[in-house]
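The annotation signal peptide is assigned in TrEMBL to 1-18. Residues or ranges marked as domain 'Tyrosinase copper-binding' by TrEMBL: 203-220, 384-395. Sequence annotations record features per position, and here TrEMBL assigns region 'Disordered' to 294-313, 516-535. Summarising the annotation, TrEMBL assigns transmembrane segment to 475-501.
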Amino acid sequence: MSLPLLLFFFQFLSPSLQQFPRPCTTPDVLQSKRCCPVWPGDGSVCGSLSGRGFCQDVTVSDLPNGPQYPHSGLDDREQWPLVFYNQTCQCAGNYMGFDCGECKFGYFGANCGERQESVRKNIFQLSVSERQRFISYLNLAKTTVSPDYMIVTGVYSQMNNGSTPMFTNISVYDLFVWMHYYVSRDALLGGPGNVWADIDFAHESAAFLPWHRVYLLFWEHEIRKLTGDFNFTIPYWDWRDAQDCQVCTDELMGARSPLNPNLISPSSVFSSWKVICSQPEDYNQREVLCDGSPEGPLLRNPGNHDPSRVPRLPTSADVESVLSLTEYETGLMDRRANMSFRNALEGFASPETGLAVTGQSLMHNSLHVFMNGSMSSVQGSANDPIFLLHHAFIDSIFEQWLRRHQPPRTHYPTANAPIGHNDGFYMVPFIPLYRNGDYFLSTKALGYEYAYLQDPSQRFVQEFLTPYLEQAQQIWRWLLAAGLLGAAVAGIIATIITVACRRRLKRRKSSAYGERQPLLNSSEEEGSTSYQTTL
């Protein structure tokens, strides 16, 4: 096998881009704080022999945070990832990954030199086979233990300076559920129930949209690795003007159970799913972290929520109003921000006025509350796979805003945002490291697009022509077989008819030539000749 083929092979088999990769969970690594794994492609640290990257000291931003979190040195996430690691792989060129064995988003090939744009589609524009494939991929991820990653089950101070690691296995899907829990969990201050709740490294401030963008890209990437389907993309649910949960059918994300309105229909595969990280009050009381243990069935009862909190789902007019806001962040850059695009889209401000509101959940938040179940708790919301469809559409609205206003990176806050949200802060809990401000840019630069944002000709091909061609491609063998069978049957029938006609004609001819009387007779009585037929 040639070297390029070997590199291509190792690229897809090497560990990927998530937090706490197995090579970095050993006592030696935790005590040295050096998370620089060997890339299997060439056997060198960070793939240095192939020019992919090198091991480098981590430098974190020292710019001030906002006043929302007044503590210091109490939470493992405060200067991510320094509590766990102070050296990681720094990748070069188009390479990416904790061992530099992967390609940056949008790049493919053995040397990551092939640029390719993926298209995320409306879930209702997927072909039947695409929908079925999406559901099967979700269930496969839910039931497959991640071979590459683990989750941390305790804070670093409980690990005796790294000598007693506290990690456990997790499924591919639940890894992402846990990550969403970990980034938004309360800070444990010491003592039962002694927590600081006003802390969230992915919500209620500037990093809300960039963090979830990276989260979806990684989830998409892991599904591609798991299934070998590198054309897979996350579909989105365009919920504008929806009156109910349009995706809550057994063909898609699961209908309501006829036996218990809080459960999923037994006809859906999601009825057997168990949730994790859904009991934050219990964890806080026991001073522990979610350990990934199953905690009961997936819950969902869409529409049976408090109508005073969510009077209706967002409309097309709401989306347009939010898109008209020109400032990304304002004021204290938290849930109290007025005229902030981020705060209005997240759902803490009115889409009509742009002013912060209390007691209501709007835009993004409204869908979570509307689902009235597992998705309604921030820390455990990713348990419901509708989370993915919802956030893909939120990401597309973010993309619309970026294209319409084209803000420079300087519009993203560099200082004084709540902890974890400044431009230079590394996203919790990702390893390798990614800064918030690096993803304040168009999807075009990251190698993906949304079908409904394409120009009309591309949209026609993606949403209308492609599904029909894919269906025809899948059934062409049946059509060919049916055609051949029809031709064979027609041939047999024609042969039978031909044989029958020939036999009948032959009998007629035999009867005609077997007459005893001649066709021409001589009449002695009349003494003249006459023509006489036996017919």
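Glycine residues also receive a Cβ, built from the backbone N, Cα and C atoms like all the rest.
Same-chain residues lying 6 or more positions outside the domain 'Tyrosinase copper-binding' (384-395) and placing a CB less than 8 Å from one of its CB atoms are 120, 123, 138, 209, 212-213, 215-216, 219, 234-239, 245, 247-248, 253, 270, 298, 300, 345, 364, 367-368, 371, 373-375, 443.
Summarised by DSSP class, the composition of the domain 'Tyrosinase copper-binding' (203-220) is 13 helix, 0 strand, 5 coil. Remark: secondary structure over the region 'Disordered' (294-313) totals 0 helix, 1 strand, 19 coil, with classes taken from DSSP.
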